[in-house]
Amino acid sequence: MAMMVFPREEKLSQDEIVLGTKAVIQGLETLRGEHRALLAPLVAPEAGEAEPGSQERCILLRRSLEAIELGLGEAQVILALSSHLGAVESEKQKLRAQVRRLVQENQWLREELAGTQQKLQRSEQAVAQLEEEKQHLLFMSQIRKLDEDASPNEEKGDVPKDTLDDLFPNEDEQSPAPSPGGGDVSGQHGGYEIPARLRTLHNLVIQYASQGRYEVAVPLCKQALEDLEKTSGHDHPDVATMLNILALVYRDQNKYKEAAHLLNDALAIREKTLGKDHPAVAATLNNLAVLYGKRGKYKEAEPLCKRALEIREKVLGKFHPDVAKQLSNLALLCQNQGKAEEVEYYYRRALEIYATRLGPDDPNVAKTKNNLASCYLKQGKYQDAETLYKEILTRAHEKEFGSVNGDNKPIWMHAEEREESKDKRRDSAPYGEYGSWYKACKVDSPTVNTTLRSLGALYRRQGKLEAAHTLEDCASRNRKQGLDPASQTKVVELLKDGSGRRGDRRSSRDMAGGAGPRSESDLEDVGPTAEWNGDGSGSLRRSGSFGKLRDALRRSSEMLVKKLQGGTPQEPPNPRMKRASSLNFLNKSVEEPTQPGGTGLSDSRTLSSSSMDLSRRSSLVG
């Protein structure tokens with residue numbers, strides 16, 4: 001029999017209890033084996049007649065075996081209980097660490113709330129003071145009205161307002177909405193979700209940057225980045241997100257080297273923390289390719305764009321709309337390198353995806369067809385380009401007015417009929433001959449207006465002047481700006497080349513995102529996954545950026561300087577240019593250089609013979 005173990009007086013630790021239990025289990029298993037060896041001869045059938053006392057020995061051995069089995073079971077229960085207690089303790093430690101993090105975050109939020117409350121209090125005080133000043137000014141104004149000997153200078157009070165009304169057009173026409181293809185991609189990053197506070201911070205930074213207040217947006221990003229690195233460390237997905245936001249702000253300031261450094265850092269962090277095949281890595285690669293494209297480094301941008309395409313095909317499948325956006329980006333890069341065959345291949349793939357997944361009426365289908373037609377023009381495939389242009393116009397017509405029949409024809413059919421019957425009539429038919437198709441331009445995307453002008457230029461090359469005039473007249477009646485004269489000029493230049501040269505002019509370096517993310521999305525990327533969109537001329541353009549606001553302010557400042565100097569004819573008002581919200585905005589714009597074709601976004605226009613038109617463009621169409 002084994003010796004009895006007496007408990008020690010001191011308290012045993014959990015590890016000591018586990019070790020002691022394991023030792024007891026080994027001893028009990030050995031003892032069980034000995035008992036079974038002793039019991040086996042006694043219960044064997046060939047034992048013959050039982051010896052005296054063997055029955056009692058058998059009973060005692062059986063009782064001992066039962067006690068041993070019970071002891072082994074209790075020892076196993078003790079081990080299982082010890083393992084469970086260890087797991088509970090580990091979970092307890094995790095919960096404590098989480099509580100500490102939540103306490104820190106709560107403290108940070110309390111500090112932010114306190115600061116915001118102070119700002120709100122100061123704002124309320126300022127509002128109250130301004131309201132009091134307003135009441136005082138109203139009182140003084142009433143006194144002046146009652147004064148019969150009012151000073152003549154008082155009549156000049158409305159001059160600044162009238163001057164601004166002359167300089168800025170009415171705001172009846174709103175700017176076109178962002179492209180539907182630039183959806184938010186920030187939430188589509190696999191297992192990583194961007195925190196809500198970073199989304200809020202991104203929106204705040206975008207607001208400041210859109211107002212040109214980079215002196216506020218950049219320090220805000222840097223402070224948030226510093227706080228994130230202190231709390232989460234440098235190699236954290238949130239840090240990569242913040243780096244991406246700051247890079248986009250730098251990119252909008254034309255600080256491309258700083259933006260490239262930040263994007264490379266964000267790419268390294270995301271590859272390390274999220275894996276090399278994560279959608280967020282693809283979004284960062286795309287943003288980096290956009291940046292290289294803006295700097296004219298198309299060869300360096302192409303492998304980045306291809307890698308982003310491989311990741312998205314692997315994660316999302318080869319027929320996802322985001323894959324089509326990436327294919328369009330890659331096609332634009334190849335187009336700027338003169339790789340016409342690859343451009344055609346990528347646009348065809350993108351068109352197939354858009355038509356299959358989003359339907360034939362999606363704006364991206366018409367936009368991609370327009371870009372593919374531009375590619376055909378560069379290759380001299382005029383018949384293929386004409387077919388695509390007609391498909392775009394026919395689809396737009398059917399969407400608005402139903403299927404095509406003898407009485408319901410798209411505009412290009414009317415144009416060709418007018419061309420055929422031009423010798424039979426002296427005067428041009430009234431515009432009502434087209435039916436009511438021209439109204440479709442008011443509700444369709446700018447791609448329709450682009451197509452009208454491009455097909456008109458193609459007709460003009462073929463000598464169909466009446467048909468070309470019909471389409472151009474229809475496009476000019478469109479109040480929404482679809483394609484600026486610069487783009488039309490570039491299409492005409494392509495047609496004049498005849499042979500479809502591959503040598504592209506240096507295109508605009510502005511390329512933007514679609515999603516978004518848009519948004520990085522692209523908030524993240526913020527993503528939005530940035531998408532480059534062509535205008536049918538092969539140049540790279542940027543959508544969803546601050547370029548529209550900058551161009552409007554630049555032209556406003558030019559007109560203001562001319563107005564103040566006097567004697568210089570004023571440019572016709574642009575319906576997409578908004579009024580400045582304050583004189584501070586206007587003064588800031590006046591101080592900026594206004595040389596046409598100089599620095600800023602004017603450098604990102606395609607170089608062509610229509611440089612004067614390029615300097616007057618109001619936005620980057622996407």
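The backbone N, Cα and C atoms fix where each Cβ goes, glycine too.
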Swiss-Prot tags one of Ser210, Ser374, Ser556, Ser582 as phosphoserine; which one?
Ser582
According to Swiss-Prot, one residue in Ser90, Ser454, Ser557, Ser581 is annotated as phosphoserine; name it.
Ser581
Have a look at Ser13, Ser589, Ser609 and find the one that Swiss-Prot tags as phosphoserine.
Ser589
Summarise the repeat 'TPR 2' (240-273) as counts of helix, strand and coil residues per DSSP.
31 helix, 0 strand, 3 coil
